[in-house]
Amino acid sequence: MLKIILPTIMLLPTALLSPQKFLWTNTTTHSLLIATLSLQWTTPTYHPHKSLTQWTGIDQISSPLLVLSCWLLPLMIMASQNHLQHEPLTRKRTFITTLIMIQPFIILAFSTTELMLFYISFEATLIPTLILITRWGNQPERLSAGIYLLFYTLISFLPLLVTILHLHTQIGTLQLTMLELTHPTLTNSWSNFLSGLALLTAFMVKAPLYGFHLWLPKAHVEAPIAGSMLLAALLLKLGGYGIMRITLLTGPLPNHLHYPFLTLALWGALMTSSICLRQTDLKALIAYSSVSHMGLVIAASTIQTHWSFSGAMILMISHGLTSSMLFCLANTNYERTHSRILLLTRGLQPLLPLMATWWLLANLTNMALPPTTNLMAELTIMVALFNWSSFTIILTGIATLLTASYTLFMLLMTQRGTLPTHITSIQNSNTREHLLMALHIIPMLLLILKPELIS
């Protein structure tokens, strides 16, 4: 555990002390080395916890998410090189420092075996993201987006803190390994029902359930590229991971806790994918699509079967890579045309033909075509949901249909059609962007060869 956390912390003096010529190269190579080191966590073992210390331990649930979070740090640093070109050196350093500061907190939140530390690291990831959004966003509306993000998470997380303290007074320990050995504490009394509700809603706001999702499109639209990659790929997964952990811990939930969340998640998948069809803003479209994908994850992790858990896990990993890649592509468009509106950036295929290939690949993975892990995940989730109640096939079927339609709509709007008259000259796509897209999509295509790593 420490051999990943300590190099991640040592990235801070690397970013602060590197000379200007080697600033980007040093940080990216160092973080890529950390990412390759973290691949050892996916090795299968017979023990339930790998590298168990007193507070941290790596589980089957958390190891793929940990590797994903280590893998995305160099990609975020690579993606944000271009829009920081004209900034002074100190601001570049503070930007990289905020990016690096999030990383050990995310690693702690994913690998902790103790609920209080989980809560603290979960809340600590909020502050650097807030700094990223409110300092480096592109529009003045970023302040309202930051306020939305802050208040949604804070209001939802106060009941969680109270519930964690309540659990501590009831059981006497907060270690997850100990809590799995005790009897399920949440029976049908009112206090236990309310505490289960509080535990769930905190994570439902973070992995946005339809209805609590209003902070997400705002934050995504206003964030810089590294901020929206971080939000889409890691902070949403914190919510899904928390749901899986908490539901496993408190025993089987009572049914009247399930039904509202499950119906809201499936209905929200349908509603947000139909919102996507009427979207004019490219980044808002991708943000709403990630809401609908995480709705499937929430629905799967509330019914608590083995199939649905593995499906939710695979969908979280593949959605992290896919939506991050889509945000990078939207950002390359934005850096060339300086607008996110779909009407003004259409017809880019004859100008940037290689970028059009990446757009096609990313949209096909978002649409869950076969040989991608997205298809495998959606199929397992749908089978598990259909086994639980055959009525859900209507909702999930319409949701997949709408997903395919808005993805194709996005592809056709950005790549096909006539060029707008105001685009006269456009920059070429450079090697850094191609490498970035390749590093997003190569793990996607490799994971289908051995999906046991992430299920």
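Every residue, even glycine, has its Cβ placed from backbone N, Cα and C.
Residues annotated as domain 'NADH:ubiquinone oxidoreductase chain 4 N-terminal' in TrEMBL: 1-109. Taking H, G and I as helix, E and B as strand and the rest as coil, DSSP gives the domain 'NADH:ubiquinone oxidoreductase chain 4 N-terminal' (1-109) the counts 80 helix, 3 strand, 26 coil.
As annotated by TrEMBL, signal peptide applies to 1-17.
The feature domain 'NADH:quinone oxidoreductase/Mrp antiporter transmembrane' is assigned by TrEMBL to 113-403.
Residues annotated as transmembrane segment in TrEMBL: 145-169 (among others). Same-chain residues lying 6+ beyond the ends of the transmembrane segment (145-169) with a Cβ under 8 Å from its Cβ atoms: 115-116, 119, 122-123, 126, 129-130, 133-134, 137, 179, 185, 191, 195, 198-199, 201-202, 204-206, 212, 214-215, 218-219, 221-223.
Through the fold, the transmembrane segment (189-212) approaches residues 152-153, 156-157, 159-160, 162-163, 166-167, 235-240, 242-243, 246-247, 250, 253-254, 257, 261, 264-265, 267-269, 271-272, 291, 294-295, 297-298 of its own chain, all at least 6 residues removed from its boundaries and within a Cβ separation under 8 Å. According to TrEMBL, the feature transmembrane segment maps to 189-212 (among others).
Residues annotated as transmembrane segment in TrEMBL: 224-244 (among others). Residues 61-62, 65, 68-69, 72, 75-77, 79-80, 83, 95, 99, 102, 106, 109-110, 118, 122, 125, 129, 132-133, 136-138, 200, 202-208, 216, 283, 286-287, 290, 294, 297-298, 301-302, 309, 312-313, 316, 320-321, 323-324, 327-328, 331 of the same chain lie 6 or more positions beyond the ends of the transmembrane segment (224-244) yet place their CB under 8 Å from a CB of it.
Listed as Cβ neighbours of the transmembrane segment (256-277) (distance under 8 Å, sequence separation of 6 or more from its ends, same chain) are residues 193, 196-197, 200, 204, 209-211, 213, 285, 288-289, 291-293, 295-296, 298-299, 302-303, 385, 392, 395-396, 398-399, 402-403, 405-406, 409. Annotated transmembrane segment per TrEMBL: 256-277 (among others), in sequence order.
Marked as transmembrane segment by TrEMBL: 284-303 (among others).
According to TrEMBL, the feature transmembrane segment maps to 309-329 (among others).
The transmembrane segment annotation in TrEMBL covers 341-361 (among others).
The annotation transmembrane segment is assigned in TrEMBL to 381-414 (among others).
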- Against which stretches of its own chain does the transmembrane segment (381-414) lie, if we need a Cβ under 8 Å and a gap of at least six residues from its ends? 266-267, 269-270, 273-274, 276-277, 279, 282, 285, 289, 292, 295-297, 299-300, 303, 305, 307-308, 311-312, 315, 333, 342-343, 345-346, 348, 359-360, 363, 366-368
